[in-house]
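Take a look at what TrEMBL says about it:
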type    : residues       : note
BINDING : 29, 57, 60, 66 : [4Fe-4S] cluster binding site
DOMAIN  : 28-90          : domain '4Fe-4S Wbl-type'
């Protein structure tokens, strides 16, 4: 008679990634089209789309938490916490320069 062993495995998110995303339910963008926050390009119509997305962020009660999550989880694309991709890159560069000083 062949017996199978049952192996229990617990899967958990990587310890480096923030797990608590409850704030998303309270976000202003929860009722918006997600495409608004991921414009293609950064010129012409995309600039208008970026500004529209940032306007949604400015009225969001969890804007700071969203930005923190985006920075911690390495979000490279889209508008998060009121900042677009270029804004976040500049923010990271300034932080590195301060750390090196």
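Note that the numbers count up from 1, one per residue, in the order the chain is shown.
Note: Cβ is positioned from N, Cα and C throughout, glycine not excepted.
In TrEMBL, annotation is done automatically, which means it is predicted and not curated.
Could you place the listed features in the three-dimensional structure?
Cβ environment of residue 29 ([4Fe-4S] cluster binding site): 36, 37, 53, 56, 57, 60 lie under 8 Å away, each six or more residues apart in the same chain.
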Return the residues near residue 66 ([4Fe-4S] cluster binding site), defined as same-chain residues 6+ apart in sequence whose C-beta is under 8 angstroms from its C-beta, sorted by sequence, else 'none'.
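Looking at Cβ-Cβ distances below 8 Å from residue 66 ([4Fe-4S] cluster binding site), excluding near sequence neighbours, one finds 23, 24, 27, 57, 60, 80, 81, 82.
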Do you know which of the binding-site residues 57, 60 has the most other C-beta atoms within 10 angstroms of its C-beta?
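Of the binding-site residues 57, 60, the most buried by Cβ count within 10 Å is 57.
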Which whole number is the mean pLDDT over the domain '4Fe-4S Wbl-type' (28-90)?
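For the domain '4Fe-4S Wbl-type' (28-90), the model's average pLDDT rounds to 95.
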Once 29, 57, 60, 66 are set aside, which residues in the chain still have Cβ within 8 Å of the Cβ centroid of the [4Fe-4S] cluster site?
27, 28, 56, 62, 63, 79, 80, 81, 82
